[in-house]
Amino acid sequence: MYDIIIIGAGTAGISAYKEAIKYTSNILIINDGPWDTTCARVGCMPSKVLISTANRMYDIEHANEVGLNIKSELDTSHVMQHVRELRDRFTRATLKDVDSWNPKHKINGRAKFINKHTIEVNGQLYSSKSFIIAVGSTPNYEAVWKEKLGNKLITSDEIFELETLPKSIAVIGSGVIAIELAQAMQRLGVETTVFARSKKVGVLSSPRLQQIAQVELSKDLNIKFEILPTSVESTQNSIKLNFIENAESKHIYVDYVLAATGRQSHLKTLNLENINSSFSDLKKLPLDNETKQLLDLPIFIIGDAFTQTPLQHEAANEGKLVISSCLNFPKVSNLKQLTPLGIVFSNPEMAIIGSNYSNLSKLGIEFITGYASYEKQGRALVLGKNKGAIEVYIDKNSRKLLGAELFVESAEHMAHLLAWMIAENVTIDDILQKPFYHPTLEEGLRTAFKHARRQL
Ligand SMILES: Cc1cc2nc3c(=O)[nH]c(=O)nc-3n(C[C@H](O)[C@H](O)[C@H](O)COP(=O)(O)OP(=O)(O)OC[C@H]3O[C@@H](n4cnc5c(N)ncnc54)[C@H](O)[C@@H]3O)c2cc1C
């Protein structure tokens, strides 16, 4: 009987293994498919390479914003090759790490539960005192569309494998992955149309910032809000998408359709109902949100497999922290200790830090919103990036910083500052005593904090 069996070797599973091996070598890690993680192979990393190239192209084409007249000739034929070359560098680093592990600890194959102590992989049974389920998720798509469109219907699993940039693409969805990839494609010269079920882009929950983001992103990108294709057809050389807009039947032709309508968990591959028949309803799994423990069992589900926050750093952190719960069972600990932090690599970037506007409102917390626009902000003007706005949320009674939402250039950096400040439990008065260098984007944060303080 093993001490720990880890199912899934993505970011969460690898992190768990690296922590567990410090305390016991009586462990097993099982993985179905490649061992180079979703993040490195088809997630965070290749998407950021593509976005970075797209943003550089945009900056060259908009160099007039900083007083340059550039006559450029841009050749985009190597973009996809560049994405894969850099992506392969990241996946190689992960695989090098995994290759250095004891081969006896690793099994290739799909695990499924036989009972609460035992799993089956490739026809063999393995028992353990505890299990870590880190099986991640896979992109959603319409099966009927897939049948009709074949390899012209792609998801984030396939987009980075395209040999060349297509001429046109329709993106279904307006969440994080949809908006990041759609904007990058558009900026790289691919005629891109986004079909959005709702009137929402990305993650911002503040109505004011959401509105600003919709207007700003729609300047570059054709986003059809509250419109989804009614049907799709495969024609000789392209795909025809039919839809209704302003009560009129319309259609467009595109080379590819990118389905970016969320992801579904791999939990269904595990036969969890063999542990307890009530676990057949995966949406209602009795999983503690903080300890990630399944009912009262020594079984923990971490990473993207069952979470409201499918993020790489959360998956890695949960993998590390869960080992103590496995080895000290039944003493289990809280795995959700990090200040919430989510970033969208749109341009301008979006970020949500701490408690968001929507949650604070729903919980009836008395808070003040400090607002600052970046349209006339000094440093943003200097950079030619004077777009967007930010909000900070301050508790009316304790004067503590509760959260923030950003839609602004370099939000990724300011988001970290804000997350670290929230973790330190600082008040608005503490923050306004800190240095703010001139001229910086951080001065806009001070504007927002001062706006909040005036209301307190
Ligand atoms: C396009 C895209 C962009 C992203 N960008 C970002 C970003 O910028 N920042 C960020 O923080 N996050 C980002 N993410 C999310 C991030 O990639 C995930 O949060 C992270 O990869 C989750 O890791 P995981 O270990 O839970 O799952 P995974 O890395 O998916 O690992 C799960 C593993 O389990 C295996 N498995 C599944 N079922 C079984 C089974 N029955 N038996 C054995 N093995 C099994 C799978 O094959 C896989 O190898 C992005 C994701 C995508 C798709």
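For all residues, glycine too, the Cβ spot is worked out from N, Cα and C.
Marked as active site, proton acceptor by TrEMBL: H438. Neighbour list (H438 (active site, proton acceptor), Cβ cut-off 8 Å, at least 6 residues apart, same chain): G378. Following the DSSP three-state reduction, the secondary structure of H438 (active site, proton acceptor) is coil.
The local packing around I179 (NAD(+) binding site), expressed as other Cβ atoms within 10 Å of its Cβ over all shown chains, amounts to 28. The DSSP secondary structure for I179 (NAD(+) binding site) is helix. Taken from TrEMBL, the feature NAD(+) binding site covers G173, S174, G175, V176, I177, A178, I179, E180, G262.
Annotation source TrEMBL lists disulfide bond at C39-C44. A sphere of 10 angstroms centred on the C-beta of C44 (disulfide bond) encloses 18 other C-beta atoms.
Annotated domain 'FAD/NAD(P)-binding' per TrEMBL: 2-319, in sequence order. Per-residue pLDDT, averaged over the domain 'FAD/NAD(P)-binding' (2-319), rounds to 97.
What TrEMBL lists as domain 'Pyridine nucleotide-disulphide oxidoreductase dimerisation' is 343-448. Mapped onto DSSP classes, the domain 'Pyridine nucleotide-disulphide oxidoreductase dimerisation' (343-448) shows 37 helix, 32 strand, 37 coil.
In this structure, C44 (disulfide bond) is part of a helix by DSSP. The record gives G173, S174, G175, V176, I177, A178, I179, E180, G262 for NAD(+). Within 8 Å of the mean position of their Cβ atoms, the other Cβ atoms in that chain belong to V171, L181, A182, G202, A260. Selection of the recorded positions C39, C44, G175, I177, I179 by a Cβ distance under 6 Å from ligand 1 yields, in sequence order, C39, C44, I177. In this view, G175 (NAD(+) binding site) is surrounded by 19 other Cβ atoms within 10 Å of its Cβ, with every protein chain counted. The separation of C44 (disulfide bond) from G175 (NAD(+) binding site), Cα to Cα, is 15 Å. The maximum pairwise C-alpha distance among G173, S174, G175, V176, I177, A178, I179, E180, G262, the residues recorded as binding NAD(+), is 13 Å.
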